[in-house]
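Chemist: Following this message is one structure expressed as C-alpha cells.
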Amino acid sequence: MKLVGAISFYALVVVIVVVAVFPFYYAVLTSFETGTAIFQVNYLPVSFDLGNYVAVLTSRNFPISILNSVFIATMTVLFSLFLAVTASYALARVPFRGRSTLLLAILAVSMFPQIAVLAGLFELIRFLGLFNTPWAMIVSYTIFTLPFTVWVLTTFMRGLPVELEEAAIVDGASPWIIITRVFMPLLWPALATTGLLAFIGAWNEFLFALTFTASETTRTVPVAIALLSGASEFEIPWGAIMAASVIVTVPLVLLVLVFQRKIVSGLTAGSVKG
Amino acid sequence: MATVAAPAQPISPKGRSELKAQRVRAAMWFLLPMVTALFLVAAWPLLRTIYFSFTDTTLNDLGGGEWIGLQNYLSWRTLSSGRTIFRGVLADPNWWNAVWNTVYFAVVSVSLETVFGVIVALVLNAEFRGRGLVRAAVLIPWAIPTIVSAKMWGWMLNDQFGIINDLLLKLGLISEKIAWTASPDTAMLAIIIVDVWKTTPFVALLVLAALQMVPREIYEAARLDGVNPVKVFFRVTLPLIRPALLVAVIFRTLDALRMFDLVYVLTPNSSATKTMSVIARENLIDFNKFGYGSAQSTLLFLLIAGFVLLYIRLGRLNLGGRGL
C-alpha cells in the first residue's frame, strides 16, 4: 500500500514536470530544425541546425526589437523604482491624513483593465508626441509597475526598525538623507525583487506595445514575435519564430531560476499578476 | 507574508510638532511625483476613455468628436412600419458574444488553475528528493512571455504538423487530426489549455507559501490519530490556506477578465474566442470606431470594478492584513 502510494506520488511529480517543461523543450527542439525536418514530428532531438538563429539574428529588425525591449524594460524599472522609493518612504513612515485612502487608490489602479485606459492613453501619447517611440511604452508601463512596486516597498519599509530612523533624525538628517543614506542600503533585497518583477512585466507586455508602435523598427520583442511573418501570407516561419522565442525566453528563464526565492517572496508579498 | 509585521508608527522624538510638520511636508513632496505619474497614466486616461464613450470620435480625428449622449451604448428608432431598431453596444450581438466568451473563459480557466495550483502546491510542499528541481521546473511556464507561450502552443497545436495531434493519434485517442485553433469548437479549449498551463504556477506559488505556514504538527497529529489524508485536507488544510487561495483567485479572475494577448495571437479572427478586450481594441484601432470602442472599454471597466467591490464585500478581503 505504501509502495503504491509512493509510486503514484512520483508519477504525479513526473507528470507535473513533463507538462511544465515540455512546451519549452519542444520549442528549443524545433528551433534547431530547418527545411523539411521541421514538418516531421520529433520527440527527441534529431538535428542541430543553427540556421534559424542565424536568420533571426541577422534579420533587419529583430535585433532592433531586442534593443528596444531592453531599453524600455530597463527605463521602466528605473523610472518606477525612483518614483516608488520616495513615495513608499512617505507612505510607510510618515503618518498623514488620507494615507490609507491613497494606498487603496494605488491598489485600485493595479486592478484597472489595460483596455480601459487604452483610448485615453492613446490620445495622451499622440498629444505628447510620443507615439511610435520607446517613451510611449516607458510612460504607459508605469500604470502596472508602479502600484505593486509602491506596495511591496511600503510593506518592506514598515518592517525596518524605527530606531534607525530616529537616530538619524536626532543627528539632524533630512528625510532625503534618511532615504538615500539610511534606508537605501537596507532596501536592496526589496528593490531587486520589485525591479525584477517590473522588468519581466515590461518585457512581456503586449497590448500597449502593439497599439503604440507603428513601424517595425520601434516594435518590442513580443510584438515582433507575434507579427513575424514569412515570405508569403500562408507560410508561417515556425522555425524562425521558435528561435526568436527561445532567444527572448532563455534570459528570462535563467533570471527567474536564479532569483527563484526573491521572486516567490515578491509575488507573495505583492500578489502581482503573472 | 512573514514580512507583514504590524506597521510600526514612527514616534517623533520629543513629539515636537514643528519637526512633525516638516516631515509631513517632505512626505508630500515625495508623494507628488508618484501621484502625478499615476494621475497621468491611469486616472486621466480612464476619464478620457469614459468621455470618448459619449462621443462619435474616430481614430483619424481624435479631437473632432461630437457629444452624442448614450448612443454608443444604446439607442433606438421606431420605423414607420412600427418596428423598433436598437443600436449601440448593448444591442450588439458581437459584444454579448464577447461578454459570454470572456466570462466563460474566466470561470473555466480560473477554476482549473485553482484546482491544479492546489495539487501542484501540495506536491511541492511534500518532502522528497529533487523538490528544488521540480519547483524550478514549475516556474518555467510562468517565466515565459505570454506571446511566446501562445506561439509555442500554436505550433504544438498546429493541425498538420503539430505534436499534440501526432501524440493523440498515436495513442488512439482521436481518429483524425483536429484543427485546434482554427475550428470554432476547439478554439476556446485551446485558449484555456494555454492559459491554465501558463498561470497554474502563479496559483501554486501563492498556495505553497500559505501551505508552508501551516504547522507540521497538525499533520503529525492527524496522522497519528489515523485520520484519512483527504479528510485532513478538506477539514484542516483548506480552511487554513483559504485566504491565500482567495487572493490568488481574485488576481487570476481580474487577469482573466481583461485577457487580450493570448486570443490575439493564438486564435485571431475567431469569433468563438474574442474577448471583451479584443473586441474593444478592434473597434478602437482597427475599425476606426473610437467612441464605440471606448464604450466597450468603459463597460469592461465597470464589470471589473463591480467584481472587485463584490469581492471586497463578500470575501471581507482584509486588504491591510496581507500587506498589499
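Cβ atoms are placed via backbone N, Cα and C, with glycine included.
Any TrEMBL annotation is an automated prediction that lacks curation.
From a predicted model like this one, the values you see are computed outputs, not experimental measurements.
Found this in TrEMBL, in case it helps:
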TRANSMEM  A:7-26  transmembrane segment
TRANSMEM  A:66-90  transmembrane segment
DOMAIN    A:66-259  domain 'ABC transmembrane type-1'
TRANSMEM  A:102-122  transmembrane segment
TRANSMEM  A:134-157  transmembrane segment
TRANSMEM  A:178-203  transmembrane segment
TRANSMEM  A:236-259  transmembrane segment
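Situate these features within the shown structure.
Modeler: Beyond its flanks by at least six residues, the transmembrane segment (A:7-26) meets 249, 253 of its own chain at Cβ-Cβ distances under 8 Å.
When Cβ-Cβ distances below 8 Å are used as the criterion, the transmembrane segment (A:134-157) is approached by residues 68, 71-72, 75-77, 79-81, 83-85, 87-89, 91-93, 103, 106-107, 109-110, 112, 114, 117, 121, 125, 128, 183, 187, 189-191, 193-194, 197-198, 201-202, 205, 208-209, 212-213, 218, 220, 266, 269-270, 272-273 of the same chain, each at least six residues removed from its ends.
Sequence-distant neighbours of the transmembrane segment (A:178-203) (same chain, 6+ residues past either end, Cβ-Cβ under 8 Å): 69, 72-74, 76-77, 80-81, 84-86, 89, 137, 141, 144-145, 148-149, 152-153, 156-157, 160, 164-165, 168-169, 221-222, 248, 252, 255-256, 259, 262-263, 265-267, 270, 272.
Beyond its flanks by at least six residues, the transmembrane segment (A:236-259) meets 24, 27-28, 30-31, 33-34, 38, 51-53, 55-57, 62, 66, 69, 192-193, 196, 200, 203, 221, 224-225, 228-230 of its own chain at Cβ-Cβ distances under 8 Å.
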